[in-house]
Each structure stands twice: as C-alpha cells, then as structure tokens.
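Report on the structure given below.
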Amino acid sequence: MTLWINGDWITGQGASRVKRNPVSGEVLWQGNDADAAQVEQACRAARAAFPRWARLSLAERQVVVERFAGLLERNKGELTAIIARETGKPRWEAATEVTAMINKIAISIKAYHVRTGEQRSEMPDGAASLRHRPHGVLAVFGPYNFPGHLPNGHIVPALLAGNTIIFKPSELTPWSGEAVMRLWQQAGLPPGVLNLVQGGRETGQALSALEDLDGLLFTGSANTGYQLHRQLSGQPEKILALEMGGNNPLIIDEVADIDAAVHLTIQSAFVTAGQRCTCARRLLLKSGAQGDAFLARLVAVSQRLTPGNWDDEPQPFIGGLISEQAAQQVVTAWQQLEAMGGRTLLAPRLLQSETSLLTPGIIEMTGVAGVPDEEVFGPLLRVWRYDSFEEAILMANNTRFGLSCGLVSPEREKFDQLLLEARAGIVNWNKPLTGAASTAPFGGIGASGNHRPSAWYAADYCAWPMASLESDSLTLPATLNPGLDFSDEVVR
C-alpha cells in the first residue's frame, strides 16, 4: 500500500512500478501507480479537508509543521540512507539534503510573517488592512534530484498558509516520497490535508487536469514545465509556479588563485553528478595564458573524480546518476557535441555496464556553430573562450534560459556590470552556481521559470492577498460629494 489518501494507506490501481538502486541494481521499492480515479479521490479528500485546515490559526498549523521538523531530526539517519540509496548520491550529500529540510521549517515560518502576514494602517475614518488567504487545493510535483528538499520547499509553506495538497513524487524516487509522507502522518496531519499519489506521466497528467484544483507547484525540467503551462493556459484562476532548468553560464575572468577557481568550478558543474538545475553547463573562459593554465588544471583535477556507491568509504565526491538511461543520455550528448566539431578535453566514461556511475566530461566548443541551447542534466561541461568582458556577457545571455549565472573575478566593477546586464534569477560572484540560501528567492526567468521563485518567496505563491477598508461604525460624512442632497426638504 503506497498511496496515502484521506488518512489511509491504499494500493494503487495503476501500473506496477519497481525502483532499483541505480548503481547496484538492488530492488528498493515496489508498488502501483495511482489511476485517474484515485487521483480524483485524493482531490476530493483535499477539498473536504480544506475548510477546517484553513480555519485553524497559524499557531495551530505551525504546531504540526514543527512536529514534522522534530521527526525529521529524529529520523535523519534513516531518511538520509533512503534518499542516498534511491538517487545514487553519496551519503554525505543526502545528509545535507535532510538538514536543509529541517532548516526549511523555521525559515518558512519566518517567511510567512514577512511575506504574507497581516498589516494594518490607520486612516482618518478607519483603517486599511492586508491579510492573506490560502488558495485551496494545490498539486505539488516533486523532482528526483532532491526528492526530499525540493518538494518540502513547496509543501511546508503551502501547509502553513492553510492549503491542502496532493503530492506526486517523481516516478524515479517513490521510496523517498513515501518515507517523507510517513513522517507527515506521524506528525498528526488531519486526514486529507496532505495526500500522496505515486506514478509517472499518466498519473501526472490526471493530476494536472483536475478541474477542482486551485494551483500547481512544480520543480523539474523545462519540457515538463512547458507542457504544464500549456495545459493550464486559459485558466487564470489557478496559480502555477514553475521552477525549471537552466543552461547556466559561469564566467572565469582574471583569477589570483587557480586552484580556488577550479574548486568553485567543480562545485558548480559536477556536484550531485551534475544533476542540479543551477549547475554550470557553459564555462566562459577568458582567452590567454592564465585561462590555458586554469583549463589544464580543471581537467587534471576533474580527471581524479571517481564516482562511487552511496555508502563507499571513503566517501566519493559524486555518486551515480538517477538511472543508467540518464547516464547514457549524457554520453550521447557529448558524442553529438564532438561530432559537431567540439574538442574533447575530458571524455565522460561509464565505469560499469548497467549502472549509472559516470565520470565527468569537459568539451571545448569555441567556434562551433549551431550548438543546441539545451540543458544536459549531468556531469558534462562545455567550454567557450572569450576576449572581452562585454563579449562574455553577450555569450552568457545567449540562451532562452535564465536560472543562474556566475562570475569569478577580483573586480567588483565587473560584477556590478553583470548585475545590470545578466538575464538570470541568480547571479553569484566568486561563489558556486550551486550555492543557494533559503533566506533569498530561488528561481529564474525565461525558460527557467514563470517569475514565481521559491525558497524565501515560496510564501508568495501559497496565498493570495486580501485588502480591506474597515471602520467599526458608520456615520454620514460631514462633507458630501457634489450633487448629493440629504436635507429634509421635499423635492417638488
């Protein structure tokens, strides 16, 4: 029984699904997808639970959410192992994900008050008030790269605001989704407030097509995000928050410490086996001897990165990709770039057949025409050389995406110029592209999102503002508008 609907664990009536460890092939989870009728059942449960949940005070909802945070802390080791085994990422990185989930609770509570709390300003004849109200029933689509943290960033603020939820984890991480749901169950959420439906494309399409849905919160690929946008077009009554991918540029200008710059680049391009939406996909490197030395050092250090299993000791920097198919797609993308005229500096290699252990790849594309503006979701870095900083900015902006952009340079003036001219929701200076702060917004523009960033701003799309003009008494104004006559004279 792998679906959680209206406070009960039930068996899915859709297709059967098996999840294996992407490196060892070990069977981790077996279950059945939710069919369309069960998706509708989850929606009815969420709709029925909404009025009571929304009428609770914030303090009452906060008690449940904080209880969930405590359960995360007490079950940190177990959840870390589940996420690591299912995604293929090393234990150390999965542990940081669970820590981020715990920290998200306090941050979301603070953001609720700052972004969507209540305000009141006195007026001569009364007061003006601002309040926020929950949308109602929201669907949350989770990604596979951070199956705990990223859905958590939607679910927690949505629950705090008073919404009820139907959560569909990625079909590639059903075990993690179920494990998190069982902690919410222990936290004491009332039946129907949070419902779990497992499944792939068919389940997702049934969920996004629900008429009685008030909104959809999505983190994932641009292709799926575009499909959801088309599906919900013409329905302005439904809130749609899209956080999608990127073809992110990292500009390496003058550097004083080559090893520090190489470290930042590896953290930007290859952490999580390149499976972060903010990962650097395009390295823009200044022409010249220093750039040559940097590139040689980057290749040398990257060549030593050997992916390993989640529990290998000593721990590897990167683990496997989410699946063998995902790893093979990266290899295919590299082969296509090479066929276009790219110069391979470091070839990506599958370490074993039928696993997802893939070494990083680096390929120079300077002067190659027609390079696709697409995100390769894995450890593959493309390199272009530039002559002037103005040229670098033009190259950085030459993409339909707009998620993250970074600059490595000692010159503050160049960063100020980049801040003015970059088309990206995240612009970093001497920091990895993959670094993020939950106290700041997280999201992009263009094909990377629809201007509804998550993290600190998630509270914004989880509630709508209600403005009120208020007075505790009603009296006739001393001065009336022209043409109004309230005298006792009889009009003849």
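Counting starts with 1 at the first residue shown.
Yeah, the Cβs are placed from backbone N, Cα and C, and that goes for glycine too.
The structure displayed is predicted, hence computed values, not measured ones.
Around the Cβ of Asn223 (NAD(+) binding site), the same chain contributes no residue under 8 angstroms that is 6 or more positions distant in sequence. Sequence annotations record features per position, and here Swiss-Prot assigns NAD(+) binding site to Gly220, Ser221, Ala222, Asn223, Thr224, Gly225.
According to Swiss-Prot, the active site annotation covers Glu243 (among others). DSSP gives Glu243 (active site) a strand state. For Glu243 (active site), the same-chain residues lying six or more positions away in sequence with a CB closer than 8 A to its CB are Phe218, Thr219, Gly220, Cys277, Phe442, Gly443, Gly444, Ser448, Gly449, Arg452, Pro453, Ser454.
According to its DSSP assignment, Cys277 (active site) is coil. What Swiss-Prot records for Cys277 (among others) is active site, and it gives sequence analysis as the kind of evidence.
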Among Ser221, Thr224, the one of these binding-site residues whose Cβ has the fewest neighbouring Cβ atoms within 10 Å: Ser221
Surrounding CB atoms that lie within 10 Å of the CB of Ala222 (NAD(+) binding site), all protein chains: 22
Neighbourhood of Gly225 (NAD(+) binding site) by C-beta distance under 8 A, where only residues 6 or more apart in the same chain count: Phe218, Leu242, Met244, Gly449
Site of maximum Cβ density within 10 Å, from recorded positions Gly220, Cys277: Cys277
Beyond the site residues Gly220, Ser221, Ala222, Asn223, Thr224, Gly225: chain residues whose C-beta lies within 8 Å of the centroid, for NAD(+): Phe218, Tyr226, Gln227, Met244, Gly245
